[in-house]
Amino acid sequence: IQSSPERGSWANKTEFILSCLGYAIGIGNVWRFPYLCYRNGGGAFLVPYLLMLGLCGIPLFFMETSLGQFANTGCITLFRICPLFKGAGFTIVVVNLICTAYYNVVISYPIYFLIMSLRPTLPWENCDHEWNTENCMKPLDGSHETNLFQMCSVISLHKYV
């Protein structure tokens, strides 16, 4: 394998470790993993998960980083070592593109809600949208937020008088 001399490298080991952590720990781990644990049995899900992580996940992660460090090339040119695995490099690129598209959608929801929350009337505040069901209700019908707070305060203090 011919490596190009203009390809950059890490300045020190700390940069490499932090880059690997950023690669391995993403929004899917923070956002989706607790949900998957809950849906698949809670603590009982952790046993097969940790087993498969030790048997497959960590060895594959080290294999990928070791091959990248050995060849000093990208994932497509890496598999020129063995032409039989040439499609594996393209598969890695396609999987990364699919994951990127998925996580862009996941990130776009909080950005959309953040922008919509800056409007004077929130879109999800009314019951006149096509996505609303017949059970939709406005909790503050005819009440101002200050009046509602005062009413709740008076009711909670009423038992002490």
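Please read every residue number as a count from 1 along the shown chain.
Placement of Cβ uses the backbone N, Cα and C atoms for every residue, glycine included.
Per TrEMBL, the disulphide partner of Cys136 among Cys127, Cys152 is Cys127.
Panel annotation: around the transmembrane segment (16-33), residues 10, 61, 65, 103, 106-107 of the same chain, lying at least six beyond its termini, place a Cβ under 8 Å from a Cβ of the stretch. A coil conformation is recorded for Cys127 (disulfide bond) in the three-state DSSP classification, outside any helix or strand. Applying an 8 A CB threshold to same-chain residues 6 or more apart, the list for Gly22 (Na(+) binding site) is empty. The residues near the Na(+) site, meaning same-chain residues not in Gly22, Ala24, Asn29 whose C-beta sits within 8 angstroms of the mean position of the site's C-beta atoms, are Leu21, Tyr23, Ile25, Gly26, in sequence order. A simple way to gauge crowding: the CB of Cys136 (disulfide bond) has 12 other CB atoms within 10 angstroms, across all the protein chains here.
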